[in-house]
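Novice: Pasting the feature list from TrEMBL:
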- 12-33: transmembrane segment (TRANSMEM)
- 389-413: transmembrane segment (TRANSMEM)
- 420-440: transmembrane segment (TRANSMEM)
- 460-481: transmembrane segment (TRANSMEM)
- 488-510: transmembrane segment (TRANSMEM)
- 522-543: transmembrane segment (TRANSMEM)
- 598-624: transmembrane segment (TRANSMEM)
- 946-968: transmembrane segment (TRANSMEM)
- 975-995: transmembrane segment (TRANSMEM)
- 1001-1029: transmembrane segment (TRANSMEM)
- 1050-1066: transmembrane segment (TRANSMEM)
- 1078-1104: transmembrane segment (TRANSMEM)
- 1122-1175: region 'Disordered' (REGION)
- 1159-1169: compositional bias 'Basic and acidic residues' (COMPBIAS)
Amino acid sequence: MKSIVQWVVRNGPAVNTLMAAVVLVGVVSLLGLKKELFPEFQLEIVTITVPYPGASPAEVEEGICQKIEEAIRAVDGIKKISATASEGMGSVVAELRSNVGDPQKALNEIRSEVDQIPSFPLLAEDPDVKLLTFREPAIRVAVFGGSPAPEGLDAEALREWQLREDLQLRDLAERVRDDLLELPGVSLVEMLSVRDYQIDVEIPEETLRRHNLSLQQVGAIVRRENIELPAGEIKARSSEYLVRGKNKRLTGDEIAELPLLTRPDGAVLRVDDLGTVHDGFTDDARRSWISFPTPLTDPEVASSAVGEERSSIVLMVQKTRAEDLIEIVAQVREFVGGLRLPPGYHAEIFDDQSILVQERLETLTSNALQGLALVFVVLALFLELRLAFWVAMGIPVAIGVSFIVMGVAGVSLNMVSTFAFLLALGIVVDDAIVVGENIYRHREMGKSPVRAAIDGAGEVSGPVLASVATTIFAFVPMFFVSGTLGKIIYIMPIVVCSMLLGSLGESLLILPNHLSHRRAPILGVIGRVLTWLLTPLFAWVWLVRAFRSRRAEAREARRENPVVAAYHGLRTGVDGGLRWFIENAYERGLRMALRAPVAFVSAMMAIMIASFGLVASGLVPFVVFPEFDSNFITANVTFPAGTPAGVTDEATRRIAGEIARLHAEIAEDTGRPPVRTISRSVGYAETAGGGGPGASMSVSGSNIGMVFVEMVGGQERPISSFELVNAWREASLPRLSGYDEIKFGAGESGPGGKPIEFQLVGKDMDGLEAVAERCKARLGEYEGIFDIADDSKPGKPEIQLRVKPSAEALGIDTNALAQTVRSTFYGEEVMRLQRGRHEVKLMVRNPPEQRASLADLREIRIRTDAGGEVPLEELAAVDVRRGYSSINRIDQQRSVTVTADVDEAAANAREITQDLQQNFLPALLADYPDVRVRWEGQERETQESFSSLLVGFVIAIFAMFVLLTAQFRSYLQPLFILIIVPFGLVGAIWGHLVMDLPLTLFSFFGLVALSGVIVNDSIVLIDFINAFVAEGNPVRVALREAGKRRFRPVLLTSLTTVVALVPLMAEKSLQVQVLIPMATSLAFGLGFGTVVVLFLVPSLYAIYADILDALGRPITDDHHLEDELPLSADPGDGHVGSDSDSDSDPGAGSPGGPSPAREPVHAAPDDPVRSPGGA
């Protein structure tokens, strides 16, 4: 390594070019990095959906879900299969194992197995098999407006008017979507809460009977007449012609002109002669409205929309993996700003995710810059200015290397990666401090700057490599974190490890060259710039200088510069105070610890146990994924299945009215409006999903409604999202009744679902429901629990027909009877028309008024083979029962999922979960032996993350042990170093108590990072102790002197890391609160760990020496040293701890002179490296 250092020291242009290139390429890489809130990732989840129109959940379960489950159960790599059978739709989700190498291969295998299923029901549609991908929403665009309904319209006329309005709005929304997709960088725009196009041919039953027709016959005629077929080709001499039979009708008006039958008098009856054709939408109840309580920037929109609810269609612009969120939003904003729509219609943006991204990135960047400034201040206080400058210059080089690695690895600039930069700021200067100090030690030995740089850097290259390796090992476990969280957190070790490697390269390949010169030219330039900037403050100094012409006098004037004098005075004070503390307070405390090392170690163990008791007692609570304030709050309401859309509409109107009222009251009281947008929907809702932060899934039905509220930015609004949603809940609940469940949500949380979520699995649905009810009752007894629910909901009333013997006598079987009833109420699907990008269903059915009640069912007349008609009730018994709105299944058994939310200020989800597992569920399940419990949500995510993190942590600790064993050639001394790791948790626990923070999963990530940082100081201290013992000094003396020699560098390396995190820990912004526990673990853990290193390590070493001495193997035995110590007889001859000799006496040696470690150790020598001067 010394030869490499020698080359770089003597090749300044190459080194400076390398440094400039790294920084320049890093800046270029930074400009090319995508910006997003969280990294986009692919979930190992395969979904299979099969529409089965008109089928009940039980029919879907039997005909769709069970067959898919059986077909794919043997596919390799599937961890869990879940299914949901709902009305008209079957959905199966295959969750893959995290170690599946190629999810695409698993997708193809699953698709192949599904395609081979031969026996799907006849009316079931083709399966849709796809790999689920989490896509981050970028921004939403609401297209809204229209004209008010005319007065005096009857029901049919009002229906036609509303259809025209909906078609106009839909057409405008599609035009806007198409224009958005033409923007560069925008490739995915989804329309929310819209219905599919459908053409309905409605023919009354009496008309059909009058013309001796059935709906099936009408459908067959339309299908036969509305066709387009190729009829071959004609090959002429000069050209070829394709022949096609073209009679395809694509619109309602064209369908209305199709001939249906010819009367005996020759008259042709068309479709519109027998019924009415509606070219519109499906019977789906989905509708949405939007209002803007806060005035908008567009005066035209503001005048027509503030406080007024308007019918709307929402376009959600999403970013793909290759797109930049900030750029997408900027283009969408510019487009919408210049958009011109017909009078009465407008477009407005909301749910702008770039605001969150920019706020959080700017906050973290600001904290990083403040941390960098504090790191430099600390370095300048403890080192001479020139050395502090070049040590700090390692930070931009390390960051440049990290940007390059991020660009190559495809890592974006997001909340996690930005925090990783902040986390590593103080860590990356540790190796530069060690190298810089050692080079200056060699300078003070009398060597030339070049020789000092070569010898000093080469001497400590080994320990520097070892310390960086241990720190990297500490971050490696984050690569092992499984689950959704692992797909987000893996970015952190990439950023930190690349910064560490960049800093290592800078400290060994660039720093020695810069310190090999007596004075760096750039420092002179910086000094002159600072001088001129400070001219107004120190004009009298410059006047004195104006009368001096000689160079020596100018230098003297510079020395009299009050800024420089103040700096020297401050440095002298800091240096003197620190020396006094080392020689008095620290040495006295260390002497006391070494007099009774067993007692001291026992006391430290007691402190550690007591600290763990803070967590066990709940004084420091543990919350897996704490919720943090958000810019959005929601309310989702669900009524019993079959509830008309009008009831849901009225409920959502009341909920939206309450938030509008609260907005007005708060705005009046504080002068600052809290709400920007209120969006309301019926028949459609978005619910939180477990895919990741911000992930959601959609549900639909006439009994479902949602109110989505966008708040003003966190720094501008007068109230938090939690406070507002609690007030909203209290105001809304008294005004609602008849609902199944209502959930108000505020804040953002990590992946994994609800704080309390578990699945009851078994074959007997009655048993599952009974267990679920008892579980919900128990959850209701806990303080701070709300929104307790399960997913077993009664379905719509279900009419079941049982064929009578009289039907069989007439030749009518169950299938014929069911087909007739289905055609009457659901309709007959004739075909699907491709109209542009849309697939349009063509249905033949009775008018709505003839399929609206049970009486209409009883009046159905069934035609016999003889041509007669028999009332339905004579052929079949009609029973009305209520089934399930949906049937959920886990691993081929039925399941019921119980969920609950937790108020973190009043309860702890982890404690409640443990109480259920230990004190409630065992006795309950003993009464229901066929029911088992599967924990999901945050509990499952916790178990997966912790177990994988633990595996990675054990591997990292073992790797550290192997490395330290190789360094020290001992099995025991590495244990002295690694035993420090648990004590870092002590500092972290007390830090969370002081900061009034709960322990979170992110806190433990900070502890994992801490384990590598805290070990570094122990490595050098143990090595320095070995050096003194090898010199023949008494063990207690060696321990005291080694501690005093290493106090300053241990303090400095720890202090730089801590001060880099201080701005983040002091941050009051709501946007980064989730990261503060991680910073708290590292900062407080390292602070306490510094004390542990300086006191506990010497105490453990003393016990170790006492035991060996009692066994008759004194630690100073040459034989023992040969076995136990990795040192040569001459500790100055390149041994592992020689970097510590920077604390030597300036007059202690000259080139080739004795090592400072050989000097008497009765008193602490001066430390020239940290003495004032040299700036």
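Heads up, the Cβ atoms here are built off N, Cα and C, so glycines get one too.
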Novice: Under 8 angstroms for C-beta pairs, at least 3 of them, ignoring pairs fewer than 6 apart in sequence. Is the transmembrane segment (1078-1104) in contact with the transmembrane segment (389-413) by that rule?
Specialist: no
Novice: Per the definition of 3+ C-beta pairs under 8 A with sequence separation of 6 or more, do the transmembrane segment (975-995) and the transmembrane segment (460-481) touch?
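Specialist: Answer no: the transmembrane segment (975-995) and the transmembrane segment (460-481) share fewer than 3 Cβ pairs below 8 Å.
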Novice: Using Cβ atoms and a strict cutoff of less than 8 Å, what residues sit near the transmembrane segment (946-968) while being 6 or more residues removed from its termini?
Specialist: 463, 466, 469-470, 473-474, 476-483, 486, 974, 977-978, 981, 1001, 1004-1005, 1008, 1011-1012, 1015, 1019, 1022-1023, 1026, 1124-1126, 1136
Novice: Would you mind listing the long-range same-chain contacts of the transmembrane segment (12-33), meaning Cβ under 8 Å and 6+ residues beyond its ends?
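Specialist: Beyond its ends, the transmembrane segment (12-33) has Cβ neighbours at 396-397, 399-404, 406-407, 411-413, 502, 506, 509-510, 513-514, 517.
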Novice: Run the contact check on the transmembrane segment (488-510) against the transmembrane segment (1050-1066): 3 or more C-beta pairs under 8 Å, excluding pairs closer than 6 in sequence.
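Specialist: Not in contact, no.
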Novice: Among 420-440, 598-624, 1001-1029, 1050-1066, which stretch has the highest count of C-beta pairs below 8 Å with the transmembrane segment (460-481)?
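Specialist: Looking at each of 420-440, 598-624, 1001-1029, 1050-1066 in turn, the most contacts to the transmembrane segment (460-481) are made by 1001-1029.
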Novice: Looking only at residues six or more beyond either end of the transmembrane segment (420-440), which have a C-beta under 8 A from one in the stretch?
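Specialist: Long-range Cβ neighbours of the transmembrane segment (420-440): 364, 367-368, 371-372, 375, 379, 383, 387, 390-392, 394-395, 398-399, 402, 452-453, 456-457, 459-460, 463-464, 467-468, 471, 491-492, 494-496, 499-500, 502-504, 506-508, 511-512, 515, 1009, 1013, 1016, 1020, 1049, 1052-1053, 1056-1061, 1064, 1078-1079, 1082, 1138-1139, 1141-1142, 1168-1169.
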